[in-house]
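> I have a structure here, written as structure tokens, and I will follow up with some questions on it.
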Amino acid sequence: MEEEMKDKDLRKRVPYHIQRDVLDELGVDQVAEKSDFKISAKEKFREAVRCTGPRFKSCFLSFVPLLTWLPRYPFRENAIGDLISGISVGIMHLPQGMAYALLAAVPPVFGLYSSFYPILIYFIFGTSKHISVGTYAVMSVMIGSVTERLAPDSDFMIPGNDTNSTSLDIVSRDAERVKIAATVTFLSGIFQLLLGLVRFGFVVTYLSEPLVRAYTTAAAIHVIVSQLKYSFGINPQRYSGPLSLIYTIIEDCALLGQTNIGTLVVSIVTIIGLVAAKELSALAARKIPIPIPVELITIIIATVVSWQMDLKTEYGVEVVGKIPSGLQAPVAPAVSLLGSMVGDAFALAVVGYGIAISLGRIFALKYAYKVDSNQELIALGLSNSIGGLFNCFAISCSMSRSMVQVSTGGKSQVAGAISALVILVILLKIGELFEELPKAVLAAIIYVNLQGMMKQFGDIRSLWRTNKVDMVVWVMTLILTVLFNPDMGLAASIAFSILTVVFRTQLPKYSILGQVPGTDIYKPVEDYNQVKEIPGIMIFHSSATLYFANAEMYIDALYEKTGVDVAKLLSHKKKLEAKRLRKEKKAAKKAKKEAKKRAKEAVKAAEGEEPKFSDTDESGEEAEANGDVHKLSVKEPKDVGAVEVGPDPDTDTTLPQAIILDLSPVNFLDTVGVKTLRNIYKDYGEAGVQVYFCGCQRGVVESMEKGDFFNEKVTKSILFSSVHDAVLYCQQGNSEEVIQGTHL
């Protein structure tokens with residue numbers, strides 16, 4: 001083992017030697033024979049829309065993945081696992097569908113519809129083999145905020161028999177809320193479908209993992225608060241808009257005195273029973289290959305107890321109520337409502353897709369296959385848009401169901417189709433048996449299923465240790481989503497997340513690079529003890545790209561790190577130049593005056609008078625005698641004096657021979673970035689310092705070309721592929737200095 005480690009170390013430290021000329025950008029273009037061939041936009045468009053037989057077949061099969069994988073389905077290997085997995089997940093759909101329907105503020109049976117139609121559609125068009133699509137708590141609570149906002153209880157109050165009494169028309173209210181839920185689901189599906197068709201699947205990249213986890217945690221808090229009324233048997237007023245969650249909690253606390261004791265007892269007993277049963281199920285999971293359907297057993301027991309004890313009549317416990325058998329015919333969406341729910345629908349589309357594709361990619365990476373992000377958008381879009389026609393509400397995928405589907409042997413989308421068939425049997429035959437199920441039991445199932453989301457608060461501690469910016473994103477997403485509705489909270493959270501990206505690019509790390517002894521590697525001098533700067537050469541590096549938001553900071557950091565404030569240097573140079581011109585002008589005037597005096601003396605001498613010479617005719621002796629740094633020299637009357645000026649103490653510094661800007665982290669340049677580089681090159685050049693650029697990517701060079709950076713005087717010869725090439729170029733002709741590392 002030790003010998004292997006030694007061999008490995010030797011292989012890592014094998015010295016190498018490269019012998020080649022120093023190459024600037026022009027040299028690289030010549031050696032590599034840069035191609036000027038470019039495809040025009042017209043040709044690209046023509047190629048994109050060109051339709052051939054193979055291309056049409058490929059597009060059609062990618063649009064309907066079922067036709068690709070089903071004919072090759074390994075029946076013998078996968079059939080048993082998919083069957084067991086499908087039945088297990090289908091059993092889970094029953095309690096979760098009914099419970100999440102309460103979150104959407106629609107009758108429980110519509111949760112079963114949402115667990116049937118969309119799953120069949122995803123079976124045909126989806127590309128993930130392991131995720132379980134269907135009802136999801138976060139999506140349901142977002143739907144509920146829309147249905148309760150557009151169809152509040154106050155709109156369905158009807159006068160009672162007494163003069164001052166009113167009653168709630170539950171049938172009309174539920175019918176309106178179902179229509180609203182189906183319409184917003186249909187619209188969200190259209191958004192997903194359009195985004196998928198224009199290949200906009202990358203939109204999910206704006207939903208980072210900390211943001212998604214914090215958002216689902218905050219949505220879980222919304223879910224818990226929304227279910228308190230079912231656990232306590234109270235009827236609080238519904239609030240909407242910012243701080244609605246706070247107002248709802250205050251209202252619930254105010255109504256605690258009206259708690260229905262029977263409902264509270266049912267809720268507490270169910271929660272305790274579920275938690276205990278899940279713990280026992282987890283312990284037995286090692287010995288039992290199929291998970292125990294705890295939720296199904298719970299609702300069966302609760303329904304039997306409610307029916308036997310007549311909890312609805314004797315104790316006033318609210319039950320599920322009428323569950324119609326069979327399926328419903330499709331209904332057109334309410335077009336008149338579309339305008340009032342565009343923002344909600346788009347938020348549903350983005351959140352549903354983000355959760356589904358995130359989970360889908362996790363399983364795809366684990367089981368070595370590919371999930372098409374754009375096709376997933378299309379599959380979810382068709383599931384929601386077609387599901388909306390059948391009075392379903394928006395769906396996504398559930399982590400708990402997906403884990404059950406995988407753990408019970410599910411290998412493909414066939415497991416999802418089988419789970420849909422289980423729901424179909426329930427809808428056609430046994431759905432009405434659960435009419436006496438207390439709603440408090442469904443609320444308890446929701447609480448227990450949200451345990452995983454609430455455990456995500458532990459992310460704060462782990463992110464504090466690993467990445468504090470991500471931790472800030474997590475906390476702010478939680479706060480914004482809790483204070484606002486889930487849709488507004490999502491928009492604010494994405495905006496804040498993007499702001500942190502801008503913030504990071506505006507505060508990059510600037511450093512001066514030095515050479516690692518004996519190599520052509522350059523590292524920040526402040527990070528390594530053995531890294532030394534190259535004498536006379538400053539290598540400046542920024543960890544972020546250069547664009548309008550940080551261009552000024554880039555220049556300030558360059559001045560600070562190099563110790564050369566070019567602005568002050570040029571300003572001082574201009575002052576000295578002006579001073580020199582004034583001295584020259586004064587000296588010229590003196591010389592002219594002396595010339596006139598000499599001419600007069602010459603005339604007098606010619607007339608026989610004795611000449612008189614000026615005290616200043618000592619070739620500048622008077623100027624030398626005063627000891628000033630500025631020297632005035634007038635050797636002959638007709639000569640203009642030359643003025644030499646010394647440095648300003650404030651800017652007195654040893655200028656480097658050259659400055660090399662490492663642009664390897666720069667992946668694009670805007671017009672401000674190009675102008676910044678042009679000004680740096682010009683200003684340092686005027687100060688007598690040559691500037692070189694290295695590590696420029698292709699897009700950066702093209703931006704410099706389009707920005708008229710290069711001209712007859714400034715060519716690509718100042719661009720180098722590597723820092724080492726630029727350093728060697730700067731040292732050519734200076735035999736006293738030797739660069740270690742790669743030799744020429």
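Cβ atoms here come from the backbone N, Cα and C positions, even for glycine.
In case it helps, TrEMBL gives these features for our protein:
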| type | residues | note |
| --- | --- | --- |
| COMPBIAS | 616-625 | compositional bias 'Acidic residues' |
| DOMAIN | 527-730 | domain 'STAS' |
| REGION | 586-631 | region 'Disordered' |
| TRANSMEM | 100-125 | transmembrane segment |
| TRANSMEM | 180-202 | transmembrane segment |
| TRANSMEM | 255-276 | transmembrane segment |
| TRANSMEM | 288-309 | transmembrane segment |
| TRANSMEM | 345-365 | transmembrane segment |
| TRANSMEM | 377-401 | transmembrane segment |
| TRANSMEM | 413-430 | transmembrane segment |
| TRANSMEM | 474-503 | transmembrane segment |
> Under 8 Å between C-beta atoms and at least six residues away from its ends: which parts of the chain pack against the transmembrane segment (180-202)?
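Sequence-remote neighbours of the transmembrane segment (180-202) are 104-106, 110, 143, 146-147, 150-151, 331, 333-334, 337-338, 341-342, 344-346, 348-349, 352-353, 357, 372-378, 380-394.
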> Return the stretch with the most CB pairs under 8 A relative to the transmembrane segment (377-401), choosing among 345-365, 413-430, 474-503.
345-365
> Any contact between the transmembrane segment (474-503) and the transmembrane segment (345-365), i.e. 3 or more CB pairs below 8 Å with pairs at least 6 residues apart?
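Yes, the transmembrane segment (474-503) contacts the transmembrane segment (345-365).
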